[in-house]
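> Here it is: the structure, laid out below.
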Amino acid sequence: MSTIAPTPAPATLPLEPAPAPPARRRRSGRIRWGMWISLAVIVLFGFAPVYWLLVTSLTPSDRVFAFPPALFPTQITFEHYATVFGNAQIFGYLRNSVIVSVITAVLSVVVSMYMGYAFSKYRFVGRKSLMYFVLSSQMFPQALLLVTLYLVFAQFGLLNTYLALILSFTTFTLPLCVWMLKGFFDALPDDLIEAARIDGAGPWRIFHSVVFPLAAPGLVAAGLFAFVRGWNDFIFALTLAGPDRQTLPPGLVNTFISEASTSWPALMAASLIVSVPVCVAFILLQRFLVGGITAGAVKG
Amino acid sequence: MTSSSVTAHDTTPRRRLGSRLGDRTFLVFLLLPGVVLLCTIVLYPLIRSLVSAFFDENLLYPGMEFVGFENIAAVLADDFGRLVWQTLIFTVGATILPFLIGLALALVLNQSFPGQRLLRGAFLIPWLIPGVVVSFLWMWIFDANYGVLNGILMSLGAIDSPVAWLFQTDTARGALVIAKTWNTFPWVMVMLLAALQTVPGELHEAASMDGAGVVRRFFAVTWPHIRGVAALVVLLEFIWNFQHFDTIFVLTGGGPAGTTSTFATEVYDSAFRGYDLGHAGALGIVWMALLTVLVVVYVWLSERGEKGVSR
């Protein structure tokens with residue numbers, strides 16, 4: 001399955017321009033109209049919510065609860081961004097998010113680098129079953145896993161610690177990284193390893209001096225994916241972290257949503273800020289995007 | 001990547017490396033950390049939760065009492081039909097709608113026109129932003145009192161007074177499906193775009209010489225090329241939606257009156273609101289059994305697809 005199989009390294013497929021299609025000389029007017037209308041609807045559906053997110057975050061507080069809301073702002077303000085950055089709690093959540101996501105990413109990459117290499121370059125008894133285990137561990141329902149992770153962590157006194165968050169994030173980042181990195185190692189020619197062997201290098205040396213440097217771009221890509229997945233997690237962080245260890249997604253809920261009222265513009269401003277690192281990571285990852293997304297097909 | 005790669009490389013010349021490089025201790029070193037970690041954080045908790053299905057166990061009190069199949073029988077008798085139905089409504093809706101939108105968009109963006117490249121990137125935004133942000137955003141759009149959706153519909157005269165989309169039994173499901181659709185259609189688009197690029201342009205040329213219209217060419221030329229990927233996309237979406245939690249939890253919390261609850265929200269509720277671990281575990285067993293069927297179909301389909309494409 002060439003399109004779905006891990007297309008390693010420089011797979012730039014969908015962001016590159018497509019080869020020019022044949023001229024459609026006889027396309028009927030009706031179909032062209034239908035196409036334009038459906039495209040317009042999809043464009044509206046795709047972008048209007050993002051537009052509304054932006055507009056709300058820039059709307060002065062006294063106008064947010066005007067109804068019907070003004071679709072085009074007559075007055076913009078940055079007060080809500082100031083509110084978000086002026087909130088000391090938010091910086092605590094931000095720090096937790098960075099710590100937990102970075103450590104999760106590093107742990108996942110280190111562990112899955114070895115596992116992915118073994119799956120790619122070694123043949124051993126039980127290899128296929130083990131690979132299916134890794135694959136299917138992404139299919140286990142998070143909500144169910146959450147309940148027992150809570151019990152296990154409670155038993156070992158790990159609730160409300162960074163470790164609890166890192167370990168619980170690893171349940172979904174590790175399988176993803178293993179599959180991505182196996183794809184990268186598959187793309188490295190065996191001849192390299194053979195050559196190093198003939199030069200007398202042992203397996204340990206071959207991996208760390210020959211394979212590792214070549215796989216570095218793949219490791220970075222996998223790490224970024226893991227970072228983003230950890231950064232985005234809501235439910236594990238909400239349940240397993242206490243107030244001191246809460247990351248941004250549940251932290252935003254605590255800060256801006258309450259039974260009595262919700263500060264929508266501030267929440268939208270904070271939401272945009274949370275999305276920034278993800279977008280930056282995406283821009284850095286563009287080169288690996290298809291390989292990554294399709295590897296993520298194991299768990300999107 | 002699918003399980004296809006489980007089988008994809010088995011027949012390569014690499015097989016001989018296994019024996020020659022076969023330094024057993026090194027292999028153990030490679031695999032051990034991953035295996036230990038996965039067993040501790042995935043396998044053990046999972047077994048633990050399935051075990052609790054057979055016990056009367058409460059989150060607040062220590063100790064557990066063996067009750068056999070009582071919990072599972074209770075789930076099958078009380079919730080089963082309702083949960084399967086409600087989970088299916090969400091799953092089917094949140095699979096079909098993004099598929100149709102993603103397919104339409106992929107077909108359009110596969111043409112070359114000015115700005116096409118930029119548009120491909122921009123359409124990924126809904127998929128890129130964190131899921132919880134997606135949930136907040138739609139919560140605000142659907143807001144009963146000040147939501148922009150009510151604002152627009154009232155200006156258009158479609159409704160007379162604001163509608164509480166997320167709090168009415170007849171609209172809440174649709175609202176959830178729309179929010180989830182917005183989040184996932186870009187993924188479908190990317191997967192299908194990748195598939196569309198395998199369709200040879202000459203085939204289209206030839207078909208259009210023979211007088212085939214756009215629709216005809218889609219079904220005769222394009223569809224057969226992307227069918228395999230499309231099937232996998234649908235199945236994966238189906239599996240993920242079947243266990244989806246975040247959007248439902250944030251937007252409706254399973255309400256109103258339990259009409260949007262699924263296996264995911266119900267397991268969460270029975271464990272953390274009802275403190276009934278036995279019930280949560282029993283729900284989990286039933287849920288996992290249904291999921292296993294889906295995953296088996298997925299593995300079977302991707303292995304079959306593997307054979308079909310790599311001939």
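Even glycines carry a Cβ here, placed using N, Cα and C.
Unlike curated records, TrEMBL annotations are generated automatically.
OK, TrEMBL features for this one:
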TRANSMEM  B:26-47  transmembrane segment
TRANSMEM  B:83-109  transmembrane segment
DOMAIN    B:84-298  domain 'ABC transmembrane type-1'
TRANSMEM  B:121-141  transmembrane segment
TRANSMEM  B:147-167  transmembrane segment
TRANSMEM  B:174-196  transmembrane segment
TRANSMEM  B:280-301  transmembrane segment
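Map the listed features onto the structure and describe their local environment.
Residues 105, 109, 147-149, 166, 175, 178-179, 182-187, 189-190, 246-247, 250-251 of the same chain sit 6 or more residues outside the transmembrane segment (B:121-141) yet have a Cβ under 8 Å from a Cβ within it.
The list of residues near the transmembrane segment (B:174-196) in space but at least 6 beyond its ends in sequence, with Cβ under 8 angstroms from a Cβ of it, reads 90, 93-94, 97-99, 101-103, 105-107, 109-110, 120, 123-128, 131, 134-135, 138, 142, 165-166, 222, 225-226, 228-230, 232-233, 237, 241, 244, 247-248, 251-252, 260.
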> Within the same chain, where does the transmembrane segment (B:280-301) have neighbours whose Cβ lies under 8 angstroms from its own Cβ atoms, ignoring anything closer than 6 residues to its ends? I mean 6 or more beyond.
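Residues 2-3, 49-55, 57, 71-72, 74-76, 79-80, 83-84, 231-232, 235-236, 238-239, 242-243, 263, 266-267, 270-271 contact the transmembrane segment (B:280-301) from elsewhere in the chain.
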